[in-house]
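Here's what TrEMBL has on this protein:
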SIGNAL    1-25  signal peptide
DOMAIN    29-146  domain 'FZ'
DISULFID  44-90  disulfide bond
DISULFID  109-133  disulfide bond
DOMAIN    163-290  domain 'NTR'
């Protein structure tokens, strides 16, 4: 999740030539000072510039307060809800030291809110009023615009983290695996590849269409499963990231449910030689009858 010098140049290239909002901005211009971003400010250290303004744009007046308040956002970043979430938050918690104050653009705030507010709601936290997007300047003013591709572009859908934590399952017993496959709408053996990406903090993943073996298709057509699973990889970055565990490629048995226009993966097992229970379950699956099929 490191954003270095090239990002800063890109950020400055997105700045447009108008003013900053609010009386607080006028006060800050008169009273703020520049300070190094400390190593222990995990949210923004090594963001692409080395100094920040105190007080910041969220009215935090001491570095202790900034570090304490900013650290509460780290779990949200770990959910990878939007590739520009760190840029947006750091523009407020650790505003860059230029000769004038630069706020995030309203469109950047709205993009991050659309993706991240639902994840916060999963844990009972509303989008805070202090981050009300209406407070930030419109895109034709001087502001920090989105760095990532527009989420409305047809070439790439913006990842949206799911509320459900998704981790690799341990292949306990063949019987438990079979019961799990029965309980889900679909089950597929797939190969996932990690794309090389330098443009966002979120890894992108591809499904290898030549390595798709359908065990159970449920309400899905067999022919549509590869596209639906690719959609899952595109929009549920958190789940895919957790399954891959830093690897560049892997083969998995995944099972899940169909929810209107998307599929949700509930279980994922790594297809490895040592997972004998998984291999045994897949061999037995062809002749296995689920409880609802009996009788």
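Cβ coordinates come from backbone N, Cα and C, glycine included.
A TrEMBL annotation is a machine prediction, not a hand-curated record.
Annotation for residue 90 (disulfide bond): same-chain Cβ neighbours under 8 Å, separated by at least 6 residues, are 43, 44, 47.
Neighbour density at the Cβ, taken as the number of other Cβ atoms within 10 Å, is lowest among the disulfide-bonded residues 44, 109, 133 for 133.
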